[in-house]
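A.B. asks: Supplied in structure tokens, the structure appears directly below.
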Amino acid sequence: MDVLELLRASATGCYNTIFSEAWHQYVHKQIAAAVYWYGALFLLGVLLFVWFLYFKRLARLRLRDEIARSLSAVTSAATGVDHRGLRFRKRDKMLFYGRRMLRKMKNVSGQMYSSGKGYKRRAVMRFARRILQLQRENRPLEMKTVEPPAEYLEETIEGSDRVPPDALYMLQSIRIFGHFEKPIFLKLCKHTQILQLMAGDYLFKITDPDDSVYIVQSGMINVYICNADGSTLSLKTVRKGESVTSLLSFIDVLSGNSSYYKTVTAKAIEKSVVIRLPMQAFEEVFDENPDVMIRVIQVIMIRLQRVLFTALRNYLGLNAELVQNHMRNKNSSNPMATGQTTSNVQSQTSQATQSRPSGTTRTPTSPMLRLSREEHTLSDPDPNPNANNLHYHEMHGDAPYIDLYHYQQQQQSLNSPRRNSTAHVSEAAAASTASSPTTIDQRLVQSSAVDSLRRELGLGEEDAHIIEQFVLVRELEPNVTLITEGNADDVCIWFVMTGNLAVYQSNADATRASAKQDAKPEMLIHFVHPGEIVGGLAMLTGEASAYTIRSRNNSRVAFIRRAAIYQIMRQRPRIVLGLGNGVVRRLSPLVRQCDYALDWIFLESGRAVYRQDESSDSTYIVLSGRMRSVITQPNGKKEIVGEYGKGDLVGIVEMITETSRTTTVMAVRDSELAKLPEGLFNAIKLRYPIVVTRLISFLSHRFLGSMQTRGSNAYGTPVEANPVTHKYSTVALVPITDDVPLTPFTYELYHSLCAIGPVLRLTSEVVGKQLGVNIFDTANEYRLTSWLAQQEDRNIITLYQCDSSLSPWTQRCMRQADVILIVGLGERSHLVGKFEREIDKLAMRTQKELVLLYPETTNAKPANTLSWLNARPWVTKHHHVLCVKRIFTRKSQYRINDLYSRVLLSEPNMHSDFSRLARWLTGNSIGLVLGGGGARGAAHIGMLKAIQEAGIPIDMVGGVSIGALMGALWCSERNITTVTQKAREWSKKMTKWFLQLLDLTYPITSMFSGREFNKTIHDTFGDVTIEDLWIPYFTLTTDITASCHRIHTNGSLWRFVRSSMSLSGYMPPLCDPQDGHLLLDGGYVNNLPGHLWRYCRASMSIAGVFPPFCDYRDGHLLLDGCYTNNVPADVMHNLGAAHIIAIDVGSQDDTDLTNYGDDLSGWWLLYKKWNPFTSPVKVPDLPDIQSRLAYVSCVRQLEEVKNSDYCEYIRPPIDKYKTLAFGSFDEIRDVGYVFGKNYFDTMAKAGRLGRFNQWFNKEPPKRGNHASLNEYTFIDLAQIVCKLPETYVRLGTPDLFSEDEDEDFDGYISEPTTLNTDRRRIQVHRAGNSLSFSEAELDSDVELDLEMENKVDKATQSTPTLPDKRSVQTPTPSLFNLTMPIAVDEIDKSSGRVKRKLEATNTASIAEPEASPSIKAEATTQTTPPTSKRTEQDEHELEHEQVVEKQQVMDKQQGNTTNNDTKN
């Protein structure tokens, strides 16, 4: 059998060999014969052609010779002279040949345009070009690729050579105390001492006095903590130029309290030189300059709140650990709250009952107490079940009743000198409560409160008359809110007389913990017991309250409002020490230890925080400003890794992993940072292990975020790196020319930004009127920067409108800006002006973006954008903005303000270009990604219509393959009807098969030449560039030259769309003319992601069908982007989109394949295929396997996109349609529309559509949460002490800081506000009490507030809510929520006149000041008497005001000049 098999095999092989050889011989013979015949015929034709030319030329020569001979014979016969012997002269020869040559040149030039050899040559070249498909070199305009300047990626190394090093270090160290003038700085330098330390010497030890500031001039100092068991732990290492000090100890020393080192020790690591500055040196300066003392205390409190509390609370999760529940070494200044035993309390009670006058009773009631009781419901449980337990009150330090009769007898002898001054106050208190009997004498309560607060403020008994008229006493029921977190109106100094107050703070993890059932939005920080004070931190910083304060049980509190404290401060500046000392006493030892370790760093633009390859021993928190992280590659090239904004943590991963710095981080603009050393982290971790959990959670979120964006990075970046974010906090707006309507543009942008969150618009006029005309001087730099920093903290974004010249305000805007918007008119010249170049030199590191404005009346599309960008290489991004007609209307400043006072009342159009720009600046852009799928891409049109009907704005568009075509149509037209029409026309062209047959070519690279396909795309878009599209757009292609995907955001549109559709095998790759790379369909690597049509064509270069498209910029060959990424949602996310809708129309591979075992026979597959009686099998063929291999990376990328949290993945049901079914355009479009409409309706019902179409808050703004310029204005306490003149004089308010200062303004000065303002005060400013404006006031931005107030809605008013005794989450009644009628102006729409109506609003003051006579007269003529009844509390307040006014009149008559011009 083996022999037979061998014979059969040999015979088969022999026959096969014979047959193949015979066939090859026959073919070769036929080809050889054909070649011979064709060669012979070709040679014969050549010979005939040559012979014809030769014969023609020979005949021409013979004819010429015959004519010459004939003429010569005739001439000789006529003259009788034989010319054969004559010769011409040389001059005649030269003339003859010269004329002949000129005649020939003329004939040659004529042949170039008529006929002859030139015409034939051109015809042959045209024929050859058409046959060989040669193309002329016709490259379009390209974007110039310019490297950023060295300053953009490099730090500033230049130093201050003019200042000695020791003076420079000292100047930087004491900068934490604020800005000092040169004379004051020189006085401090006189007290400095130089300390020489050897290695191992102690700088200070435990029990040494903590009364100095130490500045390291050279060497290194180690600061460590000594534990109770004798072990030590390094806290931080102080290097050259750094300092060691505690600002909290600084307050102790100034307050006269001795401070000693208890747990902190400093030792020299090496030989060091240290500068010692005693804290007592500041005493001399402060005595001569009280304003400097107040400013230093304010800076210390601001640092405590912004640095210490921010770092420990927000990043380490420490809240209650920062304060101590019982103040240490607290000598209670409240004689009502002294700790007494139960027997003592009972004995005092019995003695008081026997010796109390008979007219008194035992039931404590007051109007406030009755009001609080009425607000509670009967069903509420008792919040304090132990309220009647005397032992309970003894243990908690809050006695329910303590007799004041004996206290009155004791205080009569002490208070006799000031009895007369307090008589009227006591009589007012008694008169206010005469209607209801009470046990506790109100006069004694008032006197006790005044005495207690006087001691807390550090005032003597002789100063009691200063504060007694400002002290108010209230009785509270449980769960009454005194002030809420973030409230700047009701800031007071609260002193607890009886009962307890609970201090809460919002939970930093409330957002992530909201999914948990036990999550609490607030955390209990500490309790305030009788004899303790609270509210000093917000009072000294001038900012809003950082805590929410509620009464824990029935309590009695005494308080002084913020305006009153500032008036007292003008007379007694040293009360800031008492307030600061009260804040310091409340802090825990942990905060004091952290105060030694934490540093507050100020960095100018260009200065480096740390450099690459340095040791990482600390991390940094960005308090304000912007940082840029730059990595230096081994070849020396620098690249941006990320940028950090306000609140970001920098360098945390490197510090924890103990690795060297991987990047260099430098300040883009002037910035403030908090430095947290590694030793502090270790010390806190040992004491509070919960910090480790917080850090793990923080690092996990950062690691997951980097994993989602790592796939699209060209190079590996550390986990620490933060991708370049497009969320800015400050934006500067600069006009290119004077005719740019910058003010209307700023208003429109402000209008759109207001829908996202609190925003502020600042101009030079606004800042000048708020802070003074000299605020831009160098001496006022601290005040200006502090004020601007506070405005940035209170708003999500701040708009800095620059002047049209390089003024000091413009320079300040450049220093404060995170990004600069250069605004120009798109239809004007693109030339760069001198002012614009100065702006670039002034802020070289700041990112700049170009904004081109177009009027909507011209219907013109953007054009020539490349010229704008090439002229400005410093621009990193551009925006096309279509503007309404009102922006380009020429009006005066007042008319513009009046116009936008009405515009700002309306809801912004979320689909406008201004809203798109607003979302980009705030990091809320919505991106649309369209995947590839051939004819199934018609579903994109239906989905676009469904998206438009769902109200979802589209800010960015990216596409691959057919998605690149549809996305480019939408970005170009932005009209669903026009987009549908053009897409349908293009699909019809794709169904004309006779044109495709003419495009067939020899299939070496592809089946089609791609010429007709290019023509269809070019006819659709024309010569449009990607830069000229209305909406930012990108397409993705597969670069087969560099074996990667390429993202095209600029260049020829049709070319890169064509390259993204170059499917392998159908079209040749597109060759990038810039670098010669071959580009294929981008879907091979990423199926969801210049002239416009070129990149569209490149994105549609299907390999094998159409040839790859050659990029005209670099020569790379481009293919369809579907080979790399068919749904490039990750690319869209990296480009700045926060929310993405990804639509996938690609085909799905069959994964249900047959398991055929270890081997596979093709004959078996053939048998299964052709035998109808067997079960079919699913085995991929060779083309299918190649296709699956090509799409491997695309499938992996698609799965990552589906699992991401930033993308909404949508796939319409279009699987039944084939890739080339372009004839079913309308049917596929309808399928996509119906599916999209149902999909978005389902999302809307489920509440998941809000992040796409409800990015703004539709609720009317409320007083409690709306930010206004005056509400968050920076309060410079030093200015109060100096009694500087007012910047903006207010008639009718004699004092700069009146008690009702917070009610003077309730809106931005720069733009209209939706809050109510006391219109009566404003009318005093006008001539004749009118609200109209004179022509001299047309350029005032402040008038915008006044116009806005006329159109305020009653919805802005809030009403008090009933408290919940148990739940903290339920809104609780506020102490200031007292409904009182006030007069509000309203405009009659029919007549346009101002009317006065009576509304009920929540007053923010306890005692509303009485109106001035002029105001009363105005109110009498325009108001109607209130119909509501006054409450007993209102009567009490009015009577109290009358008593105070009588006292003031008597004091004036007696010559007593106390502070009589204030209002209580």
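Placement of Cβ uses the backbone N, Cα and C atoms for every residue, glycine included.
On a predicted model such as this, the values are computed, not experimentally measured, just so you know.
Take a look at what Swiss-Prot says about it:
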TOPO_DOM  1-34  topological domain 'Lumenal'
TRANSMEM  35-55  transmembrane segment
BINDING   176-303  nucleoside 3',5'-cyclic phosphate 1 binding site
REGION    329-393  region 'Disordered'
COMPBIAS  338-367  compositional bias 'Low complexity'
COMPBIAS  409-420  compositional bias 'Polar residues'
REGION    409-438  region 'Disordered'
MOD_RES   S421  phosphoserine
COMPBIAS  422-438  compositional bias 'Low complexity'
DOMAIN    928-1094  domain 'PNPLA'
ACT_SITE  D1081  active site, proton acceptor
MOD_RES   S1175  phosphoserine
REGION    1352-1374  region 'Disordered'
REGION    1400-1464  region 'Disordered'
COMPBIAS  1429-1444  compositional bias 'Basic and acidic residues'
COMPBIAS  1450-1464  compositional bias 'Polar residues'
A.B. asks: Taking the Cβ of E288 (nucleoside 3',5'-cyclic phosphate 1 binding site) as reference, which residues of that chain separated by at least 6 in sequence fall under 8 Å from it?
C.D. replies: none
A.B. asks: For the recorded positions T192, S272, S1175, which Cβ has the most other Cβ atoms within 10 Å, all shown protein chains included?
C.D. replies: S272
A.B. asks: Within 10 Å of the Cβ of G256 (nucleoside 3',5'-cyclic phosphate 1 binding site), how many other Cβ atoms can you find? Include all protein chains, please.
C.D. replies: 9
A.B. asks: Any idea what DSSP makes of E288 (nucleoside 3',5'-cyclic phosphate 1 binding site), helix, strand or coil?
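C.D. replies: Where E288 (nucleoside 3',5'-cyclic phosphate 1 binding site) sits, the three-state DSSP reduction gives helix.
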A.B. asks: How far is it from S1175 (phosphoserine) to T192 (nucleoside 3',5'-cyclic phosphate 1 binding site), counting Cα to Cα, in Å?
C.D. replies: 98
A.B. asks: Going by DSSP, is Y224 (nucleoside 3',5'-cyclic phosphate 1 binding site) sitting in a helix, a strand, or coil?
C.D. replies: strand
A.B. asks: What three-state class does DSSP give K240 (nucleoside 3',5'-cyclic phosphate 1 binding site)?
C.D. replies: coil
A.B. asks: Sorted by position, what residues of the same chain at least six away from Y224 (nucleoside 3',5'-cyclic phosphate 1 binding site) have a C-beta under 8 A from it?
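C.D. replies: Same-chain residues close to Y224 (nucleoside 3',5'-cyclic phosphate 1 binding site) (Cβ under 8 Å, separated by 6 or more) are T232, L233, S234, L235, V264, T265, A266, K267, G679.
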A.B. asks: In three-state terms from DSSP, label S272 (nucleoside 3',5'-cyclic phosphate 1 binding site) for me.
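C.D. replies: S272 (nucleoside 3',5'-cyclic phosphate 1 binding site) sits in a strand per DSSP.
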A.B. asks: Look up S1175 (phosphoserine) in the DSSP assignment and reduce it to helix, strand or coil.
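C.D. replies: For S1175 (phosphoserine) - judged by DSSP and reduced to three states - the answer is coil.
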A.B. asks: Far apart in sequence but close in space: which same-chain residues, 6 or more away, have a Cβ under 8 Å from D208 (nucleoside 3',5'-cyclic phosphate 1 binding site)?
C.D. replies: Y260, Y261
A.B. asks: Count the other Cβ atoms sitting within 10 Å of the Cβ of K240 (nucleoside 3',5'-cyclic phosphate 1 binding site), across every protein chain shown.
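C.D. replies: Cβ-Cβ neighbours of K240 (nucleoside 3',5'-cyclic phosphate 1 binding site) within 10 Å number 14.
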